[in-house]
Amino acid sequence: MVKLTKSDGARAPASIARHLTLEIVRVTERGAIAAAGWRGKGDERAADAAAVEAMSHELSRIDIRGRVVIGEGERDEVKALYIGEEVGSGTGLEVDIAVDPLEGVTLCAKNQPDSICVLVLAERGGLLNVSRNLYMNKIAIGPGYPEDIVHIDASAEENVNALAKAKGVPLSEITACVLDRPRHTSLIEELRRCGVSVKLISDGDIAGVIHAAQTDETGIDIYLGSGGAPEGVLAAAALRCIGGQMQGKLILDTPEKRARAARTGITKPDTIYSITDLAAGDVLFAATGITDGSMMSGVRLRRNNVDTSTIVMRSWSQTVRWVNARHAR
Ligand code: VTB
Ligand code: MG
Ligand code: MG
C-alpha cells in the first residue's frame with residue numbers, strides 16, 4: 001500500500017469535515033452551468049446574476065452554518081451572496097464562505113478562456129474580509145523557494161532578480177504574469193527592460209496566481225500587479241492548498257475606499273498581508289470551469305446532459321482533485 005504521509009491521520013485532526021469537499025463542488029458546478037448558458041452573449045450582468053442565483057440555491061442545501069465574508073457586495077447593494085449573509089441549511093459546522101460566482105465575467109460574455117466559478121470554505125475567522133470594489137497589489141510565486149525571496153514592497157526588478165538567482169536561471173528564462181491594464185504600463189516596461197517574458201492576461205487573476213504556482217505546467221514563475229482584493233483572498237486560499245508564497249497589500253488611496261475597508265474591520269491601510277493573513281487555518285477551494293481554460297475544461301452543454309470540470313483542494317491535506325462530472329438534464 002502506498003503511504004500518503006500527509007493524509008494518513010498522523011497530524012492534528014482537521015477542523016473542517018472532509019465530506020464538505022464534495023459538497024462545495026456541487027455549488028461551483030451549479031454556478032458554472034448557469035453562467036455557461038450566457039457564454040458569448042455579451043451580457044455580463046445576466047451571466048453573473050445566473051451564477052449567483054444558482055450558487056446561492058445550491059449552498060442552501062449544504063449542512064453548514066455558513067457566513068459569507070467575501071461576496072457580491074454589501075447587504076444594501078446586492079440581493080444574494082452579500083457580505084454577512086447566512087448561508088447553508090443552518091445545521092452543522094460554523095464556517096466562513098468566500099465566493100466569486102463568475103470570476104472573469106468579461107471572458108464569459110465574450111466566450112474566451114479561463115472564466116471560472118469559485119468558492120472557498122474556511123474555518124470561522126480564517127479569511128481576510130474584504131469588500132468588492134477594492135483593489136490589492138499582489139505578488140505570488142510557486143513552492144520550493146526560500147521564505148521571503150520576493151517582497152511586495154521591493155521593485156519588480158529586485159523581485160525577478162531574486163527569483164532568477166534562486167532558480168539558477170538567467171532573467172530571460174523568467175516569465176511573469178500580469179493583468180493587461182493601463183495601470184500596469186510601467187510595471188510591464190520594467191519587467192521587459194530586465195529581459196523577463198511577460199504573459200499578459202486580460203482578466204482572471206485568481207487563475208493567474210494559481211498558474212504562478214504551477215510553473216512546470218504553465219511556464220509562469222511569478223504573478224505581479226494589482227487586481228480585485230477579493231480575488232486576492234481567494235487566490236491565497238488556493239495557494240495554501242497547492243503551496244507557494246504570496247503577499248498582498250490593499251490599495252486604499254481614497255477616504256471612500258478606507259471607509260469601505262473599515263466596514264469589514266480593516267483599519268490599517270498599509271498592512272502587508274502574508275498568505276496566512278489572507279487565508280488561515282483549514283481551507284477548501286473549488287473552481288469549476290465555465291469557458292475552456294488551462295486548468296479545467298469549460299461546461300459542455302448538450303441536449304440530454306451537461307459535463308463539468310472542477311478543481312477542488314484542501315489546505316490541511318494538500319489534496320488536489322479534478323472532478324469531472326456528467327449531469328443529467
Ligand atoms: C480584477 C481581477 C479579476 O477583474 O478584479 C479585474 O482581479 C478588474 O480589474 O480577476 P479592472 O477593474 O482593472 O478591470 C478580473 O480580471 C476579473 O474579475
Ligand atoms: Mg464576480
Ligand atoms: Mg472576479
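Counting starts with 1 at the first residue shown.
Positions of Cβ are set from backbone N, Cα and C atoms, glycine also.
Marked as Mn(2+) 1 binding site by TrEMBL: ASP48, GLU72. Sequence annotations record features per position, and here TrEMBL assigns Mn(2+) 2 binding site to ASP100, GLU103, GLU231.
Selection of the binding-site residues ASP100, GLU103, GLU231 by a Cβ distance under 6 Å from ligand 1 yields, in sequence order, GLU103, GLU231. Cβ crowding, taken as the number of other Cβ atoms within 10 Å, peaks at ASP100 among the binding-site residues ASP48, ASP100. For the pair GLU231 (Mn(2+) 2 binding site) and GLU72 (Mn(2+) 1 binding site), the Cα-Cα distance reads 12 Å.
When the binding-site residues ASP48, GLU72, ASP100 are checked against ligand 3, ASP100 have a Cβ within less than 6 Å of one of its atoms. Long-range Cβ contacts of GLU72 (Mn(2+) 1 binding site) within its own chain (separation 6+, distance under 8 Å): ASP48, VAL52, VAL78, ALA80, LEU81, TYR82, VAL99, PRO101, ARG132. Annotation for GLU103 (Mn(2+) 2 binding site): same-chain Cβ neighbours under 8 Å, separated by at least 6 residues, are SER115, ILE116, CYS117, VAL118, GLY204, ILE206, ALA207, GLU231, LEU234, ALA287. Secondary structure at ASP100 (Mn(2+) 2 binding site), taken from DSSP and collapsed to helix, strand or coil, is strand.
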